[in-house]
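Below: the structure, in structure tokens.
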Amino acid sequence: MIVIFLGPPGAGKGTQGKKIAKKIDLPHIAIGDIFRTIIKTSTSEAELINNYVKQGELIPNEIVNQVIKNFLLSSEYKNGYILDGYPRNLEQAKFFESFIKEKIKIIYFDVSDELLIKRVLGRYSCKNCGKIYNSYFLQPKTDNVCDVCGSSTFDYRKDDNEEVIKKRIEVYKTETYPLIDYYKNSGNFYIVDGSKNEQEIEIDIQKILKIN
């Protein structure tokens, strides 16, 4: 099974990707995480990618496509995966279809701009276990103590400020809305209400994928 999660930054793709991947025992491939890992390396490619991220610009298709292809053609992904954040436009979708022949399901997370901004601005995670929190909606039960592992060290994403987030949303709309129209005609396109809580969204996705 190959499942693509589409939606703007802050839509909840990463949270649901991890949940559903664990439930159906498939890898969750988060494109943002892949590129954040690359940025931490001391390479010219990392510097180039980091410049795009800082400015709120999308990374060029040729860079994204090659990185993703290298990942997806690995043997560990031969049985399927949940793909979070790719493709983001028609060019990427057609490149993806050129080397992936399996049937896919596309799930789009529909969320208002106002809610997206709060979700992204408030987002942080436990540095030890990766548990995601939000200063607006989901704080640890005990201040500065992770609910899962008890760590008191948290990671706040440096590229998350309101101006950059708004720009990322607008760039996303320009790039991705034509892709959504393209996938709507595929017969395997589904929309979930991303403003619901985590449990409700998870249930909606399980129904789409026909899993318990």
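Cβ coordinates are placed from backbone N, Cα and C, and glycine is handled just like the others.
According to Swiss-Prot, the ATP binding site annotation covers Gly10, Ala11, Gly12, Lys13, Gly14, Thr15, Arg123, Ile132, Tyr133, Lys196. Sequence-distant neighbours of Arg123 (ATP binding site) (same chain, 6+ residues apart, CB-CB distance under 8 A): Gly10, Ile132, Tyr133, Asn134, Arg157, Asp160.
The region 'NMP' annotation in Swiss-Prot covers 30-59. Across the region 'NMP' (30-59), the model assigns an average pLDDT of 84.
Residues or ranges marked as AMP binding site in Swiss-Prot (evidence: sequence analysis): Arg36, Glu57, Leu58, Ile59, Gly85, Tyr86, Pro87, Arg88, Gln92, Arg157, Arg168. The Cβ of Gln92 (AMP binding site) lies under 8 Å from the Cβ of Asn61, Val64, Asn65, Tyr86, Leu179, each on the same chain and at least six residues away in sequence.
Here Swiss-Prot flags 122-160 as region 'LID', drawing on sequence analysis.
Feature annotation from Swiss-Prot assigns Zn(2+) binding site to Cys126, Cys129, Cys146, Cys149. Under 8 Å, Cβ to Cβ, and six or more positions away along its own chain, Cys129 (Zn(2+) binding site) finds Cys146, Val148, Cys149, Ser151.
Note: the CA-CA distance between Leu58 (AMP binding site) and Gly14 (ATP binding site) rounds to 18 Å. In the set Gly12, Gly14, Cys126, none of the binding-site residues has a C-alpha within 10 Å of the C-alpha of Pro87 (AMP binding site). Classification of Cys126 (Zn(2+) binding site) by DSSP places it within a strand. Per-site Cβ counts within 10 Å over the binding-site residues Arg36, Arg168 peak at Arg168. It is 9 Å from the Cα atom of Gly85 (AMP binding site) to that of Gly14 (ATP binding site).
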